[in-house]
Structures are given as C-alpha cells and as structure tokens.
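Enquirer: Sharing a structure, written as structure tokens. Questions coming.
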Amino acid sequence: MGESTDEARVFISTLRPDRRERWLALSVVLVSIVVFAALAPFAKTPLAPVWAFVPIYQSALAVCDLLTAALFIGQYGILFSRSLLMLAGGYLLCACMAIAHMLSFPGLFSPTGLLGAGPQTTAWLYMMWHGAFPLAVIAYARAGAPSEGVRPRMPWRPPLLCIFTAVALACAMTAVATVGHAWLPPIMHGSREAGGIVWVVSIVWFLNFCALGALILRRGRTVLDLWMIVVVCAWIFDIALSAVLNHARFDLGFYAGRIYGLIASSFVLVSLTFDNIKLYARVVQALDRERAEHRLVQHRTAQLNEAKALLEERVAARTAALADSNRELLHEVMERKRAEAALVLSQNELREVAAIGSSAREQEMRRISRELHDELAQTLATLRIETDRLRESVAGNDDGAPTAHTLTEMRTLLDDAVASTRRIASDLRPLVLDDLGLVPAVQWLVQSFTQRHEIACNLSVEPAGLELDEPYATATFRILQESLTNVGRHARASRVDVRIAREPDRVVLTVRDDGVGFDPALPRKSASFGLAGLRERAYLVEGELKIESSPGHGTTIEVRIPLRAAQERALS
C-alpha cells in the first residue's frame with residue numbers, strides 16, 4: 001500500500017500544487033483575461049470565411065479531448081478514483097459533440113450539414129456541448145478528492161459504463177438537435193444570432209461559472225483542480241467571444257472563441273502528457289534499480305554459496321567434536337543422575353533416621369513427662385497432705401507455733417514444687433495431646449501462651465473436630481509451640497492469629513503476629529535457632545515452611561504438611 005501511495009504522488013490528480021504551479025496557472029488566467037479584454041471590443045468585426053478552419057479546429061479539438069479522456073481512464077486503472085471517470089466522461093462527450101458539430105456545420109460538407117441537420121442544429125449542438133461539460137466538471141468537484149481508491153471486483157466495468165454513458169448522451173443530444181430541431185426554439189437566422197439565443201447562452205454561461213465556483217471551493221485542491229480552473233476560465237472566454245459578444249459566424253469572436261476552446265482542451269492534455277512522461281521515467285528508474293539489485297543478488301548469492309561450502313566444512317568438523325563431547329556429557333549426566341539418586345536415597349534415609357530419632361525423643365519425653373506427672377507430682381502432693389496434717393497436729397500446742405510456721409513455709413515450697421513439676425511435664429509433653437487429641441492440646445497451648453505472655457491469641461481450627469495421626473499431630477503441635485515461643489520472646493506483638501485447616505491432601509498451619517518483624521534474608525541471631533527448629537520439624541514430615549516478614553509489619557509463618565492417605569484420619 002505504501003508503494004502505491006508513492007506512485008500516486010506522480011499524478012496531477014493527487015499532487016498538491018506548489019507556489020510555482022499556482023503562479024503559472026494564475027499567469028495563464030491573467031494572460032487570457034488580457035487577451036480577452038483586447039479582443040472583446042472587436043468581437044463583432046466580420047472576417048473572411050475560412051471553411052478549412054472549422055474541420056481543422058474540430059478535428060484537433062476532438063483528438064485532444066479523446067486523448068485526454070483516454071489518459072484519465074488510464075489513471076483510473078491505477079488509482080481507481082471515480083472522480084477521474086467524471087472528467088473522462090466529460091472530455092469524451094466533448095469529443096463526440098465536436099465531431100457531431102463538425103458534421104452538421106452548414107456549408108462544410110453540404111449546404112445544410114450532414115446527419116439530417118437543420119438550420120438550428122449546429123447552434124444547439126454548440127450550446128448543449130458547452131453546457132454539458134461544466135456539469136461533468138461540477139460532478140467531478142462534488143465527487144471529492146481523486147485519491148487512491150479500492151480496487152473493484154471488476155475494474156473494467158466503471159470505464160465501460162463511463163464510455164457508454166458519454167457516447168449515449170452525445171447521440172441523444174445529437175438526435176434532439178437533428179431529428180427534433182423543429183421543436184427547438186430558433187436561436188440563429190442564417191449565419192446571424194437570433195434574439196432567443198440570449199437566454200440559452202446565459203444558462204450555458206451560468207453553468208460554466210457554477211463549475212468554476214465548485215472548483216474554487218473544493219477542498220484538498222490538487223494540480224489537476226488548478227488546471228481545470230484555467231480550462232473553465234478559457235471556456236467562459238470562449239463562450240463570451242463566440243456566443244455572447246459576437247453576432248455571426250466567421251467574425252472575430254467566432255474565430256477567437258474557438259481558438260480559446262482549442263487551447264483550453266490542450267491544457268489538461270499537456271499536463272497529463274507530462275504525467276505519463278514522469279511515470280515512464282519512474283518505470284525506467286525502477287527497471288534500472290531492479291537490474292542493479294539483480295546483479296547485487298547474484299553477487300551476494302555467489303558469496304553465500306562460498307560461505308555455505310566453508311560453513312558446511314566447519315559444521316562437519318564441529319559436529320564430530322560435538323558428538324565426542326555429547327558422549328562425554330551423556331556419561332557425565334548418567335553419573336550425575338546416579339549421584340543424585342544416591343543423594344535422594346541418602347536424604348530419605350537421613351529423614352527416616354531423623355524421624356526415628358525425633359519419635360524416640362518424643363516417646364522418651366512422653367515417658368519422663370508422665371513419670372513426673374504421675375509419680376513425682378503425686379509424691380509431692382502426698383507430702384503436701386502429710387505436711388498439712390502435721391501442721392494441724394502441732395497447731396494446738398503452746399510451744400508448737402514455730403514448728404507450725406515452718407510447716408507452712410514447707411507447704412508453700414511444696415505447692416511451688418508441684419506446680420513446677422506439672423509445668424515441666426507439660427513442656428516436655430502435654431498429656432492432653434495423648435489423652436484428648438490435637439485440638440484440645442492446641443487450645444491448652446494457646447490459653448497457656450496468653451496467660452504467660454499476656455498477648456491476645458485467636459485460634460481457628462477447620463474442621464472443629466480435626467484429628468491427625470502420628471507423626472502429623474505431634475509435628476503440628478510442636479511447630480505451633482515453637483512459633484508461639486518465638487513470638488513471645490522476640491516479636492513484641494499485641495495480637496496473634498493461629499489457623500489450622502485441613503485440606504484434602506494436607507494440613508495447613510498459619511501463625512500471624514503484628515509484631516516488629518524482621519528481614520528473612522538477614523535473620524536475627526537470637527531467632528536463628530527457633531527458625532532452624534521449625535524447618536527441621538517441617539522437614540521430618542516432608543512439609544513446606546514459608547516465612548513472610550518485614551521490619552515493622554509483623555511475621556507470618558505458614559507450614560504445609562502433606563497427609564498420607566494410609567496414615568490420616570479426619571472427622572467432619
């Protein structure tokens with residue numbers, strides 16, 4: 001499309017006029033006005049009849065108009081602009097009317113003219129001819145700028161329709177002026193003009209002024225518009241000299257007006273001829289460029305063939321080297337895969353060993369916690385009861401007050417020992433986790449955290465009766481315990497949200513606080529062991545640990561623990 005647009009800039013029908021072209025057109029109009037002003041006073045001056053002038057003038061005019069119409073139709077074949085067909089039809093109509101006018105001219109080929117012409121035929125053909133052309137110009141001006149259009153499906157149809165319409169109109173007007181001349185008002189008396197010609201020539205002249213106004217008011221004026229203005233001005237002077245100011249054939253106005261008409265028809269023809277010369281010059285330049293590019297392509301092709309042969313040799317050598325490297329790489333890959341498989345096996349064995357160690361540690365902590373709770377705590381409780389009984393027995397003696405005071409202090413120490421024993425047992429392994437399950441143990445842990453650190457803690461468990469098999473229940477509890485311990489020690493938070501949710505194939509634990517936060521990329525030294533413990537706990541059950549934190553925006557710890565179908569059991 002861009003190439004077509006560049007070609008369209010060659011034509012005067014699409015090219016914008018520059019200052020030189022405007023001055024040239026204005027100069028032609030001014031010269032025409034000066035010549036018209038010089039000839040107008042002498043328009044009625046009779047001159048000798050030159051019968052050869054009429055056929056020479058009409059033939060030259062017809063040839064010019066036919067060539068102009070053909071060039072416009074040729075430009076339509078490139079630009080596909082319907083406005084150009086309007087002018088092509090107008091010029092073709094003028095050529096046909098010029099031929100009919102010449103054949104019907106009285107005294108030229110026969111006393112009354114050919115085609116069955118009457119005394120009014122030639123005059124009426126002149127008026128129809130000079131009234132039809134400005135209508136074509138008005139249609140051209142109203143059709144818009146002759147820019148590049150869309151190629152129709154059948155590009156030959158519009159030109160054929162244009163030619164047929166122009167010829168048909170010319171035949172129709174010729175028939176009216178010949179066959180129907182008896183019904184036309186008389187506008188000639190012999191070779192002199194009759195009085196009825198005034199209103200006819202006024203209409204024709206008015207149409208030419210309308211065409212001139214339409215061209216002047218047309219937007220997006222092109223070089224073709226500029227020269228059409230010159231043509232219409234020449235037509236106005238032609239009609240003025242040969243039909244308005246003169247009074248008979250073969251006077252000065254008769255000759256001068258027709259010379260104006262011939263010159264007017266030549267303006268656009270000359271411009272279009274220069275168009276074609278420019279277009280052919282561009283074609284020659286394009287062919288020269290194509291030949292040069294073809295030679296360049298041949299030279300580059302030879303270079304590419306040489307480079308291709310050299311490249312094939314290098315590729316063959318490189319391919320052999322790559323084949324050797326590929327075999328070595330394949331061997332290394334196989335060795336690496338075996339090493340990775342061995343590493344995965346070692347990691348799995350390490351995880352199993354760590355899990356066994358963690359399970360053994362939990363069992364030992366469970367045993368110690370139960371012994372502390374069931375044996376030591378019970379023994380201390382029994383000792384506390386015996387102390388109370390002894391204190392009551394000595395309280396009634398007068399000299400037993402110091403002993404009772406000592407027993408009271410012993411009772412206080414025993415209460416502290418019982419509380420410490422139970423707290424230590426709970427820290428080692430809360431019996432509620434073994435006796436009642438995960439949810440009560442978590443509730444106890446959250447309540448204990450709130451009482452110990454005075455930090456509001458919100459617990460959410462989904463579903464409410466969640467149960468997990470070992471080792472998932474213990475892992476979930478321990479991860480939550482260590483997370484809350486880190487919050488209590490380092491976060492300086494005012495609120496903690498705990499959420500435990502069971503999904504189809506995993507359990508998700510989320511602990512979120514509004515504390516001071518930290519940079520996970522540079523963890524604090526005091527918190528490093530806590531985070532390492534969380535990662536170890538998650539690793540033992542093949543879980544995923546995610547920590548999100550930033551200074552001043554709190555911390556969120558999320559642990560995703562996968563559940564194996566053979567080991568999990570959940571209550572809805």
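One is the number of the first residue shown, and numbering goes on along the chain from there.
Heads up, the Cβ atoms here are built off N, Cα and C, so glycines get one too.
The feature transmembrane segment is assigned by TrEMBL to 23-43, 49-72, 84-103, 123-141, 161-184, 196-217, 224-246, 252-272. The domain 'Histidine kinase' feature in TrEMBL is assigned to 371-565.
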Enquirer: Can you give the mean pLDDT for the domain 'Histidine kinase' (371-565), rounded to a whole number?
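Expert: A mean pLDDT of 77 is what the predicted model shows over the domain 'Histidine kinase' (371-565).
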Enquirer: For the transmembrane segment (123-141) against the transmembrane segment (49-72), do we get 3 or more Cβ-Cβ pairs below 8 Å once near-sequence pairs (under 6 apart) are dropped?
Expert: no
Enquirer: Are there residues at least six beyond either end of the transmembrane segment (224-246) with Cβ under 8 Å to its Cβ atoms? List them, or say none.
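Expert: Sequence-remote neighbours of the transmembrane segment (224-246) are 11-13, 17, 21-22, 25, 28-29, 32-33, 36, 39-40, 43-44, 87, 126-127, 130, 133-134, 137, 140-141, 146, 193, 197, 201, 204-205, 208-209, 211-212, 215-216, 218, 252-254, 256-258, 260-261, 263-265, 267-268, 271.
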Enquirer: Could you give the residue numbers and ranges of same-chain residues that sit at least 6 residues beyond the transmembrane segment (49-72) on either side and whose C-beta is under 8 angstroms from one of its C-beta atoms?
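Expert: Sequence-distant neighbours of the transmembrane segment (49-72): 84-85, 87-89, 91-92, 94-95, 98-99, 101-102, 105, 107-108, 166, 249-250, 255, 258-259, 261-262, 265-266, 268-269, 272-273, 275-276.
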